[in-house]
Amino acid sequence: MQQDQRRWLKCERGKQYNKANDHQSLDSSRVASPIPPRCLLAIVDTYTLLYLRNTRRDSASVSRVVMYFVLCARAAALIYSPRESSKARVRSTPMLVHTFGVHICTSSFESRRLRTSQIVHIVSHSSIIICIPQVRVKWMGRAGMRLSEAESASDCILVVGVSRPKLAAAFLTVALISLFLTFHILYDSALYSLHAAAAAAAREAVDSSSSSSSLDLLVLDNGIDDNSYESNSIDAVAAAPFGTPPAAVTPSLQLQMAAAYNTASPPAKAHFPKTSRQLPQAIIVGVRKCGTRALLEMLFLHPQIQKAAGEVHFFDRDDNYSKGLEWYRKKMPYSFKGQVTIEKSPSYFVTPEVPERIFAMNASVRLLVIVREPVTRAISDYAQLRSHASSTPSPPTSSFSSSSSSSSSSSSSPSMSPVSSNNVNSFQSPNSSTSTSLQQQQPQQQQQQRSFDELAIRSDGTINESYRPIAISIYHMHMYRWLEVFERRQILIVNGDQLIDDPVPQLKRIESFLRLESHIGRHNFYFNHTKGFYCMRSDSEEKCLKESKGRRHPRVSPMVVSKLRRFFSEHNRKFYDLVGEDLGWPEE
Ligand SMILES: Nc1ncnc2c1ncn2[C@@H]1O[C@H](COP(=O)(O)OS(=O)(=O)O)[C@@H](OP(=O)(O)O)[C@H]1O
């Protein structure tokens with residue numbers, strides 16, 4: 001105790017000394033005598049205190065040796081470069097003390113700054129005690145800084161510096177968050193790689209299954225671009241005049257599709273613990289060529305959204321539907337609890353049975369209907385049909401169905417009322433086409449060689465409403481069926497034209513519709529001038545949709561366009577009334 005008191009006195013004496021010599025250069029002769037020989041100057045900040053507290057002085061660890069050299073260098077810098085700012089030095093000095101093995105004694109220091117010249121002086125004499133204030137060691141008890149009874153009495157240090165617990169806490173928080181994020185990113189990328197590997201394996205399986213078949217019609221893309229599964233099948237159906245049974249998908253092709261899809265499902269074991277395949281809580285039900293793929297990919301930027309690969313066509317194809325919900329569930333991606341699984345199959349929108357089937361699966365499902373200005377959509381549809389017709393080899397045939405026959409059959413087709421039982425099949429996709437033959441594709445393929453103008457406007461100048469690209473664009477004819485089954489609040493109408501021009505506002509609407517936190521923002525997009533569309537950017541990659549999205553449209557005569565717009569204006573108004581939103585499409 002006596003020793004403690006002596007040390008205390010020394011500190012106090014130093015304090016007195018400082019008071020007396022406030023802002024004066026130190027006179028070493030005046031302070032030399034009462035000072036124990038091993039006392040050194042210490043300028044201690046919070047981190048050093050922590051370090052001092054947690055490191056045993058007698059441990060000869062590598063870090064201690066390294067520290068010794070570092071501190072000696074710093075001491076030299078301090079002594080020989082007095083012109084450096086005192087602030088920097090005050091920060092760098094404390095370790096000196098630790099290395100030279102000094103203990104800490106504290107006192108109620110008065111507030112006062114140590115001048116650079118003083119520090120230099122102190123260090124060069126290395127045997128001075130001055131108690132300098134501005135020590136606010138808030139988070140280390142004073143007891144922790146006092147000498148214990150057992151310890152040597154010869155050491156004492158000067159404590160100068162500023163304790164910064166808040167800064168330390170901030171650093172610690174940032175460090176912890178960075179650690180957490182790093183871990184999260186690693187975990188995410190591992191998850192992504194596993195899924196990618198599963199998808200690649202699935203694609204390989206599909207490739208091999210389709211290449212081994214005699215018909216090379218099926219191109220299944222399990223990833224970003226969807227058109228594959230839909231394109232060949234639905235396009236063929238779409239090419240048919242409205243109201244005629246779909247003709248493109250042969251039984252053998254259907255079998256291939258089913259086989260391909262069976263093999264295409266990712267291996268059941270490729271998933272993380274705590275993930276499972278969920279039936280979709282939200283479905284993009286259409287409309288074809290309105291940006292359904294872009295919408296799904298953009299939504300997939302949201303961490304809470306998982307998307308099904310490709311198009312599942314569960315509800316619109318009887319053969320798929322007959323396989324049951326478990327089959328459908330297995331087509332869904334693995335998801336964590338709380339994530340929303342989304343599927344998109346654009347032909348759901350126009351297939352009469354679909355609303356009730358979806359309702360039977362989940363009465364509270366959320367539905368997204370993306371629409372686009374109807375004439376542009378029809379032209380886009382035509383462009384796709386034409387592109388696929390030209391890339392699909394024509395079977396040898398001499399038969400050719402003239403345009404008038406197609407038109408007349410269309411005009412005599414039943415009205416589009418879906419409640420008519422005759423009409424149920426009119427929009428039915430490939431599942432109902434099992435009785436059709438390959439030959440029936442021929443006129444459709446050849447039909448696509450004709451111009452849009454010819455196909456959309458009959459020779460007598462009337463609109464060919466039964467031409468499928470036109471028929472699909474008459475949105476209210478399909479929409480009302482959905483509203484007979486679902487409440488309006490379960491359906492969100494997405495503006496496909498705006499999604500092209502400026503995706504973020506539409507995506508924000510959807511996030512809120514799906515009750516998800518807002519996450520997707522402008523940082524997720526950049527405009528690709530070559531493509532003429534927005535492309536996506538996430539932490540890991542930048543991605544544009546492939547060429548089949550954003551095709552060059554054929555030239556359509558302005559007269560035909562304005563004629564079609566006039567035709568659609570009344571239908572559009574009916575659609576606006578039905579959904580209670582005016583999408584502002586041009587009427588001329
Ligand atoms: N960001 C972005 N990049 C590329 N394409 C975009 C994008 N956003 C919307 N679109 C529009 O999406 C149209 C294709 O629509 P779908 O994906 O619904 O087509 S499909 O029914 O699945 O075949 C496609 O139609 P076309 O331009 O006629 O090809 C695009 O206009």
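From the backbone N, Cα and C atoms, a Cβ is placed for every residue, glycine too.
Between Cys544 and the candidates Cys290, Cys535, TrEMBL records the disulphide pairing with Cys535.
Between the CA atoms of Ser380 (3'-phosphoadenylyl sulfate binding site) and Cys544 (disulfide bond) there is a gap of 18 Å. Classification of Cys535 (disulfide bond) by DSSP places it within a strand.
Spread of the 3'-phosphoadenylyl sulfate binding residues is 18 Å (greatest Cα-Cα distance among Lys289, Cys290, Gly291, Thr292, Arg293, Arg372, Ser380, Tyr534, Lys549, Gly550, Arg551, Arg552, His553). Arg293 (3'-phosphoadenylyl sulfate binding site) carries a helical DSSP state (H, G or I).
Fewest Cβ neighbours within 10 Å among the binding-site residues Lys289, Arg293: that distinction goes to Arg293. Each residue contributes its Cα atom, and for Lys549 (3'-phosphoadenylyl sulfate binding site) and Cys535 (disulfide bond) those atoms are 11 Å apart. Highest Cβ count within 10 Å among the binding-site residues Lys549, Arg551, His553: Lys549.
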